[in-house]
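Peer 1: Here you go, one structure.
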């Protein structure tokens, strides 16, 4: 990850939306807002053109990316051949084993909050869309397990503590080094009763609970261990409330501050524990604490930081499929969010680029694209299974959205990522003929240890960062931050907002690609 922070806690009002759309209209050199909305509506909901993509190939590559992000002792079958072992002593100076896990993006830090979210989303992808993965299902499960193994260590190494980060990000970002060479401090950070972190602990509980479901049949003993640890971590998060941003300060901020606070992760964690355990006490927790923890808020983003709308979609499934008492609210709020994404509805208030990509101000826009796309497909699945639609309110616009319409909008987002966009570029590295060649990623941008066994020092590495040459190693499957609000993209390693990949961009996309790989002829 570059030296940047992303706030997913940005809310969109109708007035602000009109201002954004007016600003966006300048990309095309004029034209009114109403005309843009009509064109966008047709673009997003029209049947697909002749351009077709190999979604199965994209799915396979999206999972391979996680093998390029692995830390620790790599297995013999690792499919990113230019990577090698790294971080083999992580935690040793503190007498704990914290080897393994994922580097979040283009640096060499193991940040617990985005890693746990990525693991949760990989698990959710397998749970909801695993039946479409075919031969890639074992690889997807392996990606989940690599994250879950590490989180299990972090949660159980020391009673009363959760390890949430390895490496000092401030020191790491002063160097440009391959993970195999890194010699910056591998400091260890944890949350405890005295220095709480309900946000990162709640997300870790969600990740462990979701992962336990992935392995319930394939490895029941492992699944039970994950679920037990999830329960313990959630109890810790709820009992000792507080934000890890306050407890760990500059060690996690501005890199992955918990801007949304910790209430959303408590509700998210409890929801996943209910789904995984079917223990009624977790549903009782949701019903008793939901309003206090943000259930009554309408919100319009889903990310490693803000889990509210993801929680609502997850809980809405319980209402739609099982008519669970007390969950009607979550269906209503899920409808509000879903309708906000669909042009032409009474509730529409999202922003799209002229080429049709969902867009939010800030850095790494593609993270919001992939999470929204995943939720549209998951919600479409839940609606279809119960014969329901999303209710979008009254007024002169359409008052409801069908599952098929959500799938159509989601498909446009996936197709844009894969190359159906004004630039004719795939934003997935290694997919198609034209894709980013200069991803902001230390390991990919420098000669591999296989080709250059000698160490490349901290300062010497910056020559590769600032080089205009393409990366010598292909980070297969990595989806970068993506184009700006006018569909313009700079294939520039120094422009981390557009060129840096991240695990939390790819993880939701795995599920979306699986769906289209299994349902598109």
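A Cβ is built for glycine as well, from the same backbone N, Cα and C atoms used for every other residue.
Heads up, here are the entries from TrEMBL:
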ACT_SITE  440  active site
ACT_SITE  491  active site
ACT_SITE  500  active site
DOMAIN    55-513  domain 'Glycoside hydrolase family 9'
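Neighbours and distances for these, please.
Peer 2: The Cβ of residue 491 (active site) has 436, 437, 438, 499 as same-chain neighbours under 8 Å, each 6 or more residues away in sequence.
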Peer 1: On the 0 to 100 scale, where does the mean pLDDT of the domain 'Glycoside hydrolase family 9' (55-513) fall?
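Peer 2: Value for the domain 'Glycoside hydrolase family 9' (55-513), mean pLDDT as a whole number: 95.
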Peer 1: Enter the number of other CB atoms within 10 angstroms of the CB of residue 500 (active site).
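Peer 2: Its Cβ shell of radius 10 Å holds 25 other Cβ atoms.
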Peer 1: Return the count of C-beta atoms lying within 10 angstroms of the C-beta of residue 440 (active site), excluding that atom itself.
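Peer 2: 26, counting other Cβ atoms within 10 Å of residue 440 (active site).
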